[in-house]
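K.L.:
Okay, so TrEMBL annotates it like this:
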BINDING   Gly133, Ala134, Phe166, Asp251, Glu252, Val253, Gln254, Thr309  pyridoxal 5'-phosphate binding site
BINDING   Arg169, Thr308  N(2)-acetyl-L-ornithine binding site
MOD_RES   Lys280  N6-(pyridoxal phosphate)lysine
Amino acid sequence: MPGANGSPAPNQAAGLFCFALFSFFDDHLTRNTKNYSMIPALTPTYNRAPLAFERGEGAWLYTTDGRRFLDFAAGIATCSIGHAHPHMVKELTEQVGRVMHVSNLFQIPQATRLAERLVANSFADSVFFCNSGAEANEGMVKFARRAQAMSGHPERTDIICMDGAFHGRTLAMLSATGNPKYLEGFGTPVPGFVHVPFNDIAALKAAITPQTAAIMLEPIQGESGIKVASPEYLKAVRALCDETGVLLALDEVQCGVGRTGKLFAHEWAGITPDVMSAAKGLGGGFPIGAVLATEAVAKNMTAGTHGTTFGGNPLACTAGNAVLDVLLAPGFLDQVCARATLLDGLLDELVQSAPSIFAERRGLGLLIGLRCVPPVGTVQAAAQEADLLCVTAGDNVLRLVPPLTISEDDCREAVSRLKKAVQILTNTQNNKTLEPTL
């Protein structure tokens with residue numbers, strides 16, 4: 001019953017007050033639930049270091065709090081011509097002011113020019129552009145299977161891959177990689193990928209069947225610990241492919257584009273693949289991937305067989321052309337070899353002087369690994385404390401992949417900072433031995 005003046009009765013008023021209060025808190029909590037979320041806005045698929053960089057110059061990165069790091073990670077072998085290279089900055093700035101993106105339904109002169117330059121300087125007759133290494137590797141598998149099918153062998157769909165490989169994070173490339181750690185929780189692996197030991201030609205021969213379409217391998221395995229395929233092995237693989245009609249598909253996402261002192265790593269063995277992937281260093285830090293193929297393989301990829309929205313866009317291909325302007329300049333790749341020789345000598349001395357920290361140096365060109373004695377994560381952390389950025393890899397290896405434009409002085413400075421890291425680790429070990437045992 002309402003009150004005498006028409007106002008709600010006391011118990012009714014209390015009910016209305018409680019309803020209003022509940023509605024307020026319900027609305028407030030609903031609108032602010034995200035403020036109490038336990039997950040960061042940026043999905044935590046990486047264990048990120050507490051460092052944020054505001055600018056870079058050459059082989060150096062500068063943090064928001066004023067620290068200066070020598071960058072021997074280079075975006076994991078991606079910033080091939082260093083940070084803020086003047087030519088790259090100029091070319092990209094001008095292109096942004098003209099046109100950044102058009103569909104592949106139209107002519108893209110920047111893509112045509114980049115493709116023509118890659119063809120002129122490699123085994124390939126044709127190039128397909130995409131956005132990343134994983135995409136390039138996916139495309140390479142499609143190229144190989146399609147070529148087999150169109151040549152009268154549709155049953156040839158299997159891809160023989162190597163133990164210790166890393167081909168990317170898409171579902172199919174996780175299956176090509178074959179590492180159970182990366183496959184966990186993602187359901188049944190994509191069929192059609194077979195694995196054999198790396199650098200073992202007998203195992204490879206035994207794995208070939210009438211269903212084999214291609215052999216897919218990295219001339220240098222990066223993620224598993226900078227493991228180099230021997231020239232003899234690569235020559236034997238090429239001969240085996242020629243003998244059996246199996247295609248040779250090389251993943252040069254990390255080891256290609258000048259990283260070893262040749263434009264592509266397989267050149268050291270004097271062989272050529274049928275199809276190859278490239279990415280990382282091709283864009284100098286800008287996202288781009290590429291599938292390079294012979295005419296016999298590429299001619300089967302007709303209109304509608306593959307595609308990409310962003311691949312080969314004007315801006316990405318401008319970046320790729322800027323990188324090639326630097327890499328293809330007379331003497332540049334010889335300079336990469338010279339820097340690699342310098343680092344090899346300095347690092348060999350370091351390994352000999354610090355046997356409790358480093359077991360061996362491995363690699364080719366400026367794709368270098370130091371196999372560590374203590375856990376590699378502690379060595380990387382000590383290097384970071386010494387203001388040197390580097391990357392871990394499998395087999396307890398510290399990965400050193402500086403920009404290809406690295407100077408002699410910066411090479412020496414990097415080794416000096418590694419020596420500081422050794423001292424940090426040695427002091428830590430000594431302090432631990434002095435700690436009383438309870």
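Note: Cβ is positioned from N, Cα and C throughout, glycine not excepted.
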K.L.:
Which value in Å gives the longest Cα to Cα span across the pyridoxal 5'-phosphate site residues Gly133, Ala134, Phe166, Asp251, Glu252, Val253, Gln254, Thr309 as recorded?
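P.N.:
The span, Cα to Cα at its widest, is 25 Å.
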K.L.:
Quick one: Cα separation, Arg169 (N(2)-acetyl-L-ornithine binding site) versus Ala134 (pyridoxal 5'-phosphate binding site), in Å?
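P.N.:
That comes out at 6 Å between the alpha carbons.
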K.L.:
By CA distance, which of the binding-site residues (Gly133, Phe166, Asp251, Glu252, Thr309) lies nearest to Lys280 (N6-(pyridoxal phosphate)lysine)?
P.N.:
Gly133
K.L.:
What Cα-Cα separation, expressed in whole Å, is found between Gln254 (pyridoxal 5'-phosphate binding site) and Thr308 (N(2)-acetyl-L-ornithine binding site)?
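P.N.:
Cα-Cα, rounded: 22 Å.
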K.L.:
Provide, as an integer number of angstrom, the distance between the C-alpha atoms of Asp251 (pyridoxal 5'-phosphate binding site) and Thr308 (N(2)-acetyl-L-ornithine binding site).
P.N.:
20
K.L.:
Could you check the binding-site residues Ala134, Val253 and say which one's CB has the fewest neighbouring CB atoms inside 10 Å?
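P.N.:
The binding-site residues Ala134, Val253 were compared, and Ala134 has the fewest Cβ atoms within 10 Å.
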K.L.:
Could you find out if DSSP has Glu252 (pyridoxal 5'-phosphate binding site) as helix, strand or coil?
P.N.:
coil
K.L.:
In whole Å, how far is Thr308 (N(2)-acetyl-L-ornithine binding site) from Gly133 (pyridoxal 5'-phosphate binding site) when you measure between their Cα atoms?
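P.N.:
Each residue's Cα considered, Gly133 (pyridoxal 5'-phosphate binding site) and Thr308 (N(2)-acetyl-L-ornithine binding site) end up 14 Å apart.
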K.L.:
Count the Cβ atoms, other than its own, that fall within 10 Å of the Cβ of Glu252 (pyridoxal 5'-phosphate binding site), considering every protein chain shown.
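P.N.:
29, counting other Cβ atoms within 10 Å of Glu252 (pyridoxal 5'-phosphate binding site).
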K.L.:
When neighbour density is defined as the number of other C-beta atoms within 10 angstroms of a residue's C-beta, which of the binding-site residues Gln254, Thr308, Thr309 has the lowest density?
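P.N.:
Candidates: the binding-site residues Gln254, Thr308, Thr309. Fewest Cβ atoms within 10 Å: Thr309.
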K.L.:
Name the residue among the recorded positions Arg169, Lys280 whose Cβ has the smallest number of other Cβ atoms within 10 Å.
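P.N.:
Minimum Cβ neighbour count within 10 Å, taken over the recorded positions Arg169, Lys280, occurs at Arg169.
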K.L.:
Give me the CA-CA distance between Phe166 (pyridoxal 5'-phosphate binding site) and Thr308 (N(2)-acetyl-L-ornithine binding site), in Å, as a whole number.
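P.N.:
So the Cα of Thr308 (N(2)-acetyl-L-ornithine binding site) lies 23 Å away from that of Phe166 (pyridoxal 5'-phosphate binding site).
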